[in-house]
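Trainee: Sharing a structure here in C-alpha cells format.
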Amino acid sequence: MASQFKLLESFEVQSQYTAFFTGNQIAWTQDGNHMLCQDGAKIHMLELESGKVLCSFDNSTGDSDMKDDPVTAFSVCEDEFGSYLFASYRSGLMIKWCRKKYKILRTWKSVHKGPVAQIAVDEDCLYLATGGSDSKIRVWELANFNCIASLKGCQGVTSVLKFRPNSNEVFAAGDDCKIRSWSVSDGAEKLLLESHFSQVTAFAFSENQLISAGRDAVICLWNLDKGTILKTIPIFESIEGLVLLPNDCILPGNYHVGSNSGPHVAVAGEKGVVRVWQVEKAKEVYVQSDSQISPSAEPGGLAVISLMLNGNTLAMVGVDHTIVLHSLSDFKCQRLLTGYCDEILDITFCGKDDTHLAVASNSPDIKLYRMKDMHCILLKGHTDIVLALCATPLQPNLLASSAKDNSVRLWVVDEEQSTVTCVASGMIHMNSVGAIAFSRTTANWLYSGAQDNCIKAWEIKNSDGQYTLSSKHSVIAHDKEINGLSVSPNDKIVASASQDKTAKLWNSDLTLIGTLRGHKRGVWCARFSPADQVLATGSADCTVRLWNLADLTCIKTFEGHDASVLKLEFVAAGLQFLTSSGDGLLKLWTVKNSECCLTLDGHEGRVWALAVHSDKAHVVSGGSDSKFVIWKDTTVEKQEQARKEMVERVEQDQTLSNLLHNKMYDAALELALQLNRPNTTLKIIQTLSEDKKMLRACVEKLSPELQESLLQLAFKWNTNTRNCSMAQLILEFMLTEGSVQLSTQDLAHALAYTQKHFQRLSQLRADLHFLTYTAARMTLMPDEA
C-alpha cells in the first residue's frame, strides 16, 4: 500500500488500439491467420488471434503528392513462390507487394480513365483483372505486366469481378445489372446473363453453374454451359454478400451440406443475418438467430457489406466496420473485431480485477473488450448513441449506461460465459442522459443527469439475480444540460457539473447543499478527492478548480491546458490528478504545489474518456480520433533506472580518477570521451601536449566514433582563446593522420577561428619584437651615469 502514496512521475504507452478498417474492402489470407483491411491510403494487415495490426502497406513511392492517395481496390494471391498483395489507388497507380516481406515489387499505371473499382487475380497468379469506372475490364499478364486485353461491354462501375476456376474466363457485373464473361486469351465476350433488375453485388461458381445475388432481393442460378438461367429465388432482402459452402460443411442442427444434392450458399444483406440456401431446391435450410450485426434502419439499406469463407470459419463484415468470425458448425461468435469506433465518448473498467473494458462510441451498441486478447462483445439494447458508462468495484460485474434514447440501463457481465445481459432499465428522463454515477459505499444507488437539466436518484434492488431500477428522487438541478456527476467516498454528497458554468453539491436525497461559482465557461467534469474534503472541477475555460467542501470556496486554480478540460481522475491516493482536454493532451498535476508535472501526447483530437485501473498502475484514455490508449505507470522503473545510472556514473568517475592518478592517459582519454566529460578530456590533452608522440599514440588508439567526439570538442575549444592551442594540436592530427572525414562546413568553421588566432598571435609576436628592440636601444641618462 505504501507505493500507492508515492507521487507519479512517468507514464508510457503500453498499447494503443486505433482504427484499422475504415473503407469497404477486406481480404483474408489463405492460412486464415491474417486479414488485410482498407484504411484510407493504407492497407493494414491484422493478426486475428491478437487483434493487433502487424504492419501497414502504403504508397511509399517517395512522391509527396501521392501520400494521401486513397486505395480503391486490392486483392491477395499466393503461389509456390510467395504471397502477394495488389492494390490500386485513385490516381491510377497500381502496386504489387510481397506481403510477407512488406516490400514493393512493382508499380505501374492502370490506364483506366478514372479509378479502379475491382481487382481480381486468377488462382495460379498468372493474370490480374482490373475493373474500372470507365466501363472497361483490363487483363494484365503478371509475368511482364503487359495489358493483354481490354474487355468492353460492362456498363458503368464494375461491382463484381472474378476469374472462373479452372478456366481462362473472367466474369464481371456493372451498373447495367448484367453479368458478362470474356475469354482471357482473345478478349471475346462469351456469355451475357440477364435476369437481375438491380445491381449485382456477389456471385460464386459451382462447377458449370453460377449463383448470383444482388440488391433486387433474388438469388439466380445459371447454367454456364448454355448461358441460361435455371432458377430465380426471391429472398425478400437486398443481398451484399454471398459465399459457396463446401460439401464437407456441417451446419447447426447437424445439417450435412454434402449429403444434400446441389450447391449451398450463405447470403447476408440488409437484415444483418446469415441465411443458408439449397439453391436447386430453392430451400432455406438455416437462418442465423443471434447476429452481432444490427439490421438496416431502413428498407434497402446496408447492414452486412461482405461475406468471406476460410475453411470452417465464416466472416461477416458490417457496415459499421465490425468484423465477426463464426464457426459454421454452431454459428457461435468466435471473434469480433471493431475496425472503426468513430468518436469514443466514455470508457470504464469492469469485471473482477478490471478484466474488461467497456467503450461507448457514436453507436447504440456498447463495446466490451476482454483485456487479455481484446476480444469484443457488443452490448445491444439502447436505441440511440450511448453517452456515459459507469462501473462499481463493489459489484465488479455490474455496469451502468446512459444514452440519447433518454434511458439508463444496468448490465451484468458473465465472465465465464463471455455474455452480458441487460437486467434493468429506466426511461423517465425527457432528454439525452449524459452523466451517471454509482454510489460508493454500496451498489444500491445510481445517479443520472440529463439534458432535461434534471438529476435522478435510482434505487437498485437485487432479488435472486432479478434486478429492478426505480427512481426515488428527482430535482431540476441546473439551467443547462448536466455534463458530469460524482459521488463522495462516504455517499453523503453528490456533485454535478453543468454547461451553466456552475457545479452544485447535493445531499444523497438530492436536496441542495450549495453552488460552486467561478468558472467562466461550462463545467465538464467533477471528482471528489479520495483523501481530502475537496472537489475538483474541470471546465471549458481551460482550468481546473479545487473547492473546499467545508465553506464551498475555491482554494486552488490549476492553469496549463490550452483547450477545454473534459475529464478528471484522482490518482496517487488523491495527491495528484490526471486531466484530459480538447487538444488531445493528458496532464498530471500535483495538488500540493499546483504544478503540472507531466504532459502526455497520445491523441489527435478531443480526449473525452479517462479511466483508472484498479491496480492504480494503468490508465486508459479515448477520444475523437477513434483511438484508445492504455498508459502504464513507469515511475518505479524510471527511478530504478536513474538509481542504476547514478551508481554506474559514480563507479565510472572513480575508475577515471584512478586512471588519471596512475597516469594511464590513453585509457583515461577513452573513458572521458565515453562519459562525455569535456573538461576532463581537456586536462588530459593539456598533460599529453608536453609529449606530442604520446598524444599522437593515445589519439590513434581511439575508435572512429571517439575520434569524432574528440574532433567536435576540438571545434568548441577552438572558439576560445584559452584552449585554442589544444584544439590546434587535435586538428593537426585529424587533418594529417586521423580516420575521421571532416566536412566542408566544419573545416570552414574551424578555419575562421584559426585565422583569427593566427592574426592575434602574429600581432603578439610583433609586439614582443618591439619590446625587445626598445629595451636594446635604451641608454642611461647623464645624471644617472
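Every residue, even glycine, has its Cβ placed from backbone N, Cα and C.
What TrEMBL shows for this protein is this:
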DOMAIN    653-778  domain 'U3 small nucleolar RNA-associated protein 13 C-terminal'
REPEAT    109-150  repeat 'WD'
REPEAT    193-232  repeat 'WD'
REPEAT    379-421  repeat 'WD'
REPEAT    429-468  repeat 'WD'
REPEAT    475-507  repeat 'WD'
REPEAT    516-557  repeat 'WD'
REPEAT    558-599  repeat 'WD'
REPEAT    600-632  repeat 'WD'
Trainee: Determine which residues of the chain contact the repeat 'WD' (379-421) at the Cβ level, with the cut-off under 8 Å and only residues 6 or more beyond its ends counted.
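Mentor: 294, 345-356, 358-368, 370, 427, 429-443, 446, 448, 450, 458, 460, 467, 469, 614.
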Trainee: Across the repeat 'WD' (429-468), what does the mean pLDDT come to, as a whole number?
Mentor: 93
Trainee: Per DSSP, what is the helix/strand/coil residue tally across the repeat 'WD' (558-599)?
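Mentor: Counts, helix then strand then coil: 3 helix, 26 strand, 13 coil.
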Trainee: For the repeat 'WD' (475-507), what are the DSSP-based totals of helix, strand and coil residues?
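Mentor: Across the repeat 'WD' (475-507), the residues distribute as 0 helix, 20 strand, 13 coil.
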